[in-house]
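> Got a structure for you, written out below as structure tokens; questions coming shortly.
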Amino acid sequence: MRAVILAAGLGTRFKSEKPKVLHEILGKPMLWYVITNVRNGRIDDIAVVVGHKAQEVMEAFKNENLKFFIQENPKGGTADAVLAAKDFFSSYEGYVLIINGDSPLVSGETIRNMQQFIHMVRTYEGIKLGGVVLTTHLPDPTGYGRIIKEEGTDRIIRIVEEKDATPEEKAITEINAGTYIFYAPYLLEALYRIKPSPVTGELYLTDVIEYMVNKGYEVRSFMAKEPTEALGVNTRWDLALVENVIKLKIARYWAERGVTVHYPETVWIEPDVSIEPDVEIFPDVMLKGKTKIKKGSVIGKGSVIKDSLVEENVIVREYSVIENSEIKKRAVVGPFARIRNESVIGEEAEIGNFVEVKKSSIGKGVKAKHLAYIGDATVGENTNIGAGTVFANYDGKRKYESYVGKSAFIGSNSLLIAPIRVGDWAYIAGGSVVNKDIPEGALAVSRPELKIFEGRGKKKLQKD
């Protein structure tokens, strides 16, 4: 089996400079989903027909082992787009899947089932089908082509478009989902014989079906497992609706594998994310990129985790952001914490509210619970970092590193000016500005002398 994906459309209703098939759904281009579903349908020999901004599309998928064909006239119609890829199947004796690049909901399972249906008809009825059309029933079929069949069978007579349908035909709820499998020699024959529409000048794939039926090449319908598979993406609102369907499918996939997802309509889980059983995910969470969440962890409301590893039994409290970092076992992050740039938070460490950690290694059992900035630093195990502590790592030209040993104490509102080393068991008194290395076990105090002037405060407050 081979596949041709049609991705040449102008996408004018998107009102965008970007090709429609490159608009993203859960962090992936729309076309990625179609390619992935085709491959999940056990088809690896794939051609993509491009047209509008062809180079952008080809560049985006240059590493996907695809064959590209260019439709010279993007307004030539769907059959003209398939004809642009004729060299891909002109000498091929098998079947070809034709699917739109804006149909990301047609599942790999459905594609496999369509192939199996062709095989069963050949095996049990002795009929080599000319084609199979994916269909579904919609309660409101307005705008879709209606499937006209022989009564009591799945044999298609023709597909009639909404504008051409009689009142009786408009009452039909079975519609064309826009995905087809054709026997390649019959397809090629039909493509060369059909005529352009006298109204638009376009060549339509639905005319291929009518041609095959008239030639005696049997075409049958195959019902999609879910009506949503018929949803194409023609507008930004369609994109939002399709994204919501995929979002819920992904949430359900993980729920069926032992993950608790609260209020799944609000949870964003991208396709490359991996989650182990007994993870609990609260509303408004975003899990992005190649994030991995290990068993027993809890991800609090509104948190965003991208391209990061969260190990076992971690608690990420509300509205925390973690990017390109690792959170080790039993650590606690947040609420309102930010961890980024390849930081590592050690086992049982606590990074609390309004603490930012950037490109730093935080040891086991470290506590930084409030209002701190830790940048370009290594902090040894069991060290305490008080509220308001800042690691000053930038002098206006370059970044410098800091090292704090194990079991040290950094008092509240301390300023550590890098490059600097603070030894094990060192104690820095609150409010200190530290610009020299502190030896192991030493006490460092850096404060201006406090002066008290009796009675002066009241005088100032009462002054007119």
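Start at 1 and count along the chain as shown; that gives each residue its number.
The backbone N, Cα and C atoms fix where each Cβ goes, glycine too.
Feature table excerpt (Swiss-Prot):
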REGION    1-236  region 'Pyrophosphorylase'
BINDING   6-9, Lys20, 77-78, Gly145, Glu161, Asn176, Asn234, Arg340, Lys358, Tyr373, Asn384  UDP-N-acetyl-alpha-D-glucosamine binding site
BINDING   Asp102, Asn234  Mg(2+) binding site
REGION    237-257  region 'Linker'
REGION    258-464  region 'N-acetyltransferase'
ACT_SITE  His370  active site, proton acceptor
BINDING   Ala387, Asn393, Tyr394, Ser412, Gly430, Arg447  acetyl-CoA binding site
> Reduce the DSSP letter at Thr78 (UDP-N-acetyl-alpha-D-glucosamine binding site) to three states and note it down.
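DSSP call for Thr78 (UDP-N-acetyl-alpha-D-glucosamine binding site): helix.
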> Cα-Cα separation of Asn384 (UDP-N-acetyl-alpha-D-glucosamine binding site) and Asn393 (acetyl-CoA binding site), in Å?
19
> Are there any residues in the same chain, six or more apart in sequence, whose C-beta is under 8 angstroms from the C-beta of Asn393 (acetyl-CoA binding site), and if so which?
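Counting only residues 6 or more apart in sequence, the Cβ neighbours of Asn393 (acetyl-CoA binding site) under 8 Å are Gly375, Asp376, Ala377, Lys399, Tyr400, Glu401, Ser402, Ala418.
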> Mean pLDDT over the region 'N-acetyltransferase' (258-464): what is the value?
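Here the mean pLDDT over the region 'N-acetyltransferase' (258-464) amounts to 97.
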> Let me make sure I understand the span of the acetyl-CoA site: among Ala387, Asn393, Tyr394, Ser412, Gly430, Arg447, what is the greatest distance between any two Cα atoms, in Å?
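Of all Cα pairs among the recorded acetyl-CoA binders, the widest measures 23 Å.
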> At a 10 Å cut-off from the C-beta of Leu6 (UDP-N-acetyl-alpha-D-glucosamine binding site), count the other C-beta atoms across all protein chains.
27
> Minimum Cβ neighbour count within 10 Å among the recorded positions Lys20, Lys358, His370, Arg447: which residue?
Arg447
> Considering the binding-site residues Thr78, Asn234, Asn384, Ser412, which residue's Cβ sits among the greatest number of other Cβ atoms within 10 Å?
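The most densely surrounded of these binding-site residues is Thr78.
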